[in-house]
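Enquirer: Found this in TrEMBL, in case it helps:
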- 68-86: transmembrane segment (TRANSMEM)
- G74, V77, N81, N339, L468, S472: Na(+) binding site (BINDING)
- 98-119: transmembrane segment (TRANSMEM)
- 140-168: transmembrane segment (TRANSMEM)
- 228-246: transmembrane segment (TRANSMEM)
- 253-272: transmembrane segment (TRANSMEM)
- 300-321: transmembrane segment (TRANSMEM)
- 333-354: transmembrane segment (TRANSMEM)
- 456-482: transmembrane segment (TRANSMEM)
- 494-513: transmembrane segment (TRANSMEM)
- 525-546: transmembrane segment (TRANSMEM)
- 567-592: transmembrane segment (TRANSMEM)
- 612-637: transmembrane segment (TRANSMEM)
- 676-705: region 'Disordered' (REGION)
Amino acid sequence: MPKNSKVTQREQSHEHVTESVADLLAHEEPLDYKSSSLNVGGAAGKKVPQLEVPENDGRPAWNSKLQYILAQVGFSVGLGNVWRFPYLCQKNGGGAYLVPYFILLLIIGIPLFFLELAVGQKIRRGSIGVWNYVCPSLGGIGVSSLMVCGFVGLYYNVIIGWSIFYFFQSFQYPLPWSECPIRRNGTLAIVEPECDKSSATTYFWYRQTLNTTSTIAESGGLNIKMTLSLLVAWIIVCLAVIRGIASSGKVMYFSSLFPYVVLFCFLVRGLMLKGSVDGIAHMFTPKLEKMLEPQVWREAATQVFFALGLGFGGVIAFSSYNKIDNNCHFDAVLVSVINFLTSILATLVVFAVLGFKANLMNEKCVVENAEKILGYLNSNVLSHDLIPPHVNFTHLTTADYAEMYGVIKTVKEGSFSQLGLEPCVLEDELNKAVQGTGLAFIAFTEAMTHFPASPFWSVMFFFMLINLGLGSMIGTMTGITTPVLDTYKVQKELFTVCCCIVAFFCGLLFVQRSGNYFVTMFDDYSAGLPLTVVVILENLSVAWIYGTKRFMQDLEDMLGFRPCKIYFYLWKYVSPLFLIVLISATVVEMAISPPGYNAWVEELAQERFQSYPPWALAMCFALIVVAMLPLPLVYIARRFNLISDGSNKLSVSYRKTMMKDISNLEEQDEARSILGAKPGEAPSSGPARKAYLAPGTNKPLDPNSLSPNSCYGTSYQNAAITPFTFLP
């Protein structure tokens, strides 16, 4: 080491070493990024030493920007875009729901998505490593993210298994759920009573697919068909992620793009169906009064929150494989907009098809009730004078039936209810809200049975669901494997295979005959509240513990431009406030809503709400507690120095970067000493760059304000050098 360097001088003195890398740079004149010779396009011949992050630091990287964008899109665009977003639109005011959704996407979704992309890209670690580095006391954030990913992955892959089963069942004509099965008793043939009371698609789902029990307490044993489907689903996922982004990145080219091909095909086909325009018009007719209801805003915030995959760790894991200077702000806006437009596209498709189905159901209703009226006319219960003269029962339209229904109801006001006639209003059919499995495996499948070449459309639809689920599962599994592989020296392929095997055996809980009820339980309790808590702690740790001004400066150093000042206020004030309100609303909703599930009652052939038994209720709250338990445990353990702060777990590549930064600083200082310049001064032909000014103040950010005793600096105190301020 050169004798005149600052580090050598301090080693020879008896003074306590307290200066950090930031302290060494405190007196350096800031340079203009654009015109400085530090820039690639700067003046030739002006070679000034600079801090660099090595491009090839041993960490895997995406083959292209397109591959990375498709991975983020595949993770964020999932089954919820197809079967949750359209339901929320229908329930919460149609087109009026899009207004609060878009507003919340701008003030919560994009800023928090940008935050996760930035921290992952800058620190180049998974969720555990990132939050250990930002603030070791809050290192439990990463562990909780991993726990939630585990819970969600267990039941999410079961849904992919259901889609796989329907996919293979679609290769036959007619489709097996198009008609009710016939039960034969000798020479007597009758329709299956359970199917006759419900519908062919409902019967196929509950009885032939799930073979479900009537309560969650009745296990019923394993469903062999669903067990095999789950095994196939886990084999597919394992093959997709076994080599990390080297394998999953290639899968994303297909799994992310194919659903859009199917959605556009369904949209074109749907618009050609009778009644599709009625469905779309019903969907986008705004009910503006709904916008004033707090429940609408709460559900919009929740959907924004989960649509982008915030808190799962997958977003951070994917971005950690990026180059350090990648424009993650552009990525955040692009992926968020794609996600939103995909939800709109899926909503158009769903309501075009449901509009067609509603017209079919309405016509069927008219035919059945017209037959009742004819029977009453023939038995003289009703007089022929009640029937308008222009009505032709051979070609009865919905308008004619509505007129006839109105006349009979007016004349027979006292005894009308005894006739058992239905109004058969199209609006009532369109208002029948369905979501989740009810939409995908019952309503949509029933509509497709009326399509020409129905097996083809069924194959396409369920193959699309498989790919949508696979993209989300790859992100979920990456959120599990990346933090562990970053922290511990384990073989990637072996660890991935072990995860999939363990997950398959744990997933057997969901392929019992009562497994559908456990899927509902995990969906309601394992992710909602824990993820919201995780994200608000992420927000607070960056905005209030690390510091929003410092974070904005790091973004400028990383991206080469200053992010819009609005992010300062969104991260520091707006997002935390909205998240606190969301958590409060979620807790209140859980408190006032009786915990339970919709059970399929075979005798009645319909769903009926049932409360959870005490052991299931305990299981619900155990899911919440277990997912959130790492947060206080890690805080207490590190508060009392019971576990290390995670500094020894930093990746080799990141430590190499840190050491190279320190070495470059010493070379700069030695060069200045030889030239006779004051320590900290560097010759530059470019104009000086202004230091970052926090909004609302003229005071520049002071590098010396980075105390070595701050939360994020504790992991380097023993080395006499605090962490550099390149934290996202």
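Just so you know, glycine gets a Cβ as well, placed from its N, Cα and C.
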Enquirer: When you look at the transmembrane segment (456-482) alongside the transmembrane segment (494-513), do they share 3+ Cβ pairs under 8 Å, ignoring any pair fewer than 6 residues apart in sequence?
Expert: yes
Enquirer: Tally every other Cβ atom lying within 10 Å of the Cβ atom of N81 (Na(+) binding site).
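Expert: Excluding its own Cβ, N81 (Na(+) binding site) sees 24 Cβ atoms within 10 Å.
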Enquirer: Six or more residues beyond either end and a Cβ under 8 Å away: which residues meet both conditions relative to the transmembrane segment (333-354)?
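Expert: Tertiary neighbours of the transmembrane segment (333-354) are 69, 72-73, 76-77, 81-83, 85-86, 89-90, 98, 101-102, 105, 109-110, 113-114, 260, 263-264, 266-267, 270-271, 273, 276-277, 279-280, 282-283, 307-308, 430, 439, 443-444, 447-448.
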Enquirer: To the transmembrane segment (140-168), which of 68-86, 456-482, 525-546 is linked by the most Cβ pairs under 8 Å?
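Expert: Between the stretches 68-86, 456-482, 525-546, 456-482 has the largest tally.
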Enquirer: Which residues, given as numbers and ranges, are at least 6 beyond the ends of the transmembrane segment (567-592) yet have a Cβ under 8 Å from it?
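Expert: For the transmembrane segment (567-592), the far contacts come to 104, 107-108, 111-112, 114-115, 294, 298, 301-302, 305, 528-529, 532-533, 535-536, 539-540, 542-544, 548-549, 551-552, 694-695.
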Enquirer: For N339 (Na(+) binding site), list the number of other Cβ atoms lying within 10 Å of its Cβ atom.
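Expert: Summing over all protein chains shown, N339 (Na(+) binding site) has 24 other Cβ atoms within 10 Å.
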Enquirer: Using a Cβ cut-off under 8 Å, which residues of the same chain at least 6 positions beyond either end of the transmembrane segment (525-546) come close to it?
Expert: 112, 115-116, 119, 131, 134-135, 138, 141, 144-145, 147-148, 151-152, 155, 302, 305-306, 310-312, 571-572, 575-576, 579-580, 582-583, 586-587, 590, 620-621, 623-624, 627-628, 631, 711-712, 727-728
Enquirer: What is the Cβ neighbour count of S472 (Na(+) binding site) at a 10 Å cut-off, with all protein chains included?
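Expert: S472 (Na(+) binding site) is surrounded by 28 other Cβ atoms within 10 Å.
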Enquirer: What count of other C-beta atoms do you get within 10 angstroms of the C-beta of G74 (Na(+) binding site), across all chains shown?
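Expert: I count 28 other Cβ atoms within 10 Å of it.
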Enquirer: Which is it, of V77, L468: the one of these binding-site residues whose Cβ has the most other Cβ atoms within 10 Å?
Expert: L468
Enquirer: Among 68-86, 98-119, 300-321, 612-637, which stretch has the highest count of C-beta pairs below 8 Å with the transmembrane segment (456-482)?
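Expert: The stretch with the most close Cβ contacts to the transmembrane segment (456-482) is 68-86.
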Enquirer: Taking the transmembrane segment (253-272) as the first stretch and the transmembrane segment (300-321) as the second, find out whether 3 or more Cβ pairs fall under 8 Å, excluding pairs closer than 6 in sequence.
Expert: no
Enquirer: Determine which residues of the same chain, besides G74, V77, N81, N339, L468, S472, have their CB within 8 A of the center of the CB atoms at the recorded Na(+) site, and list them by sequence.
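Expert: Same chain, not in G74, V77, N81, N339, L468, S472, Cβ within 8 Å: V73, F75, S76, G78, L79, G80, S256, P259, T342, G471.
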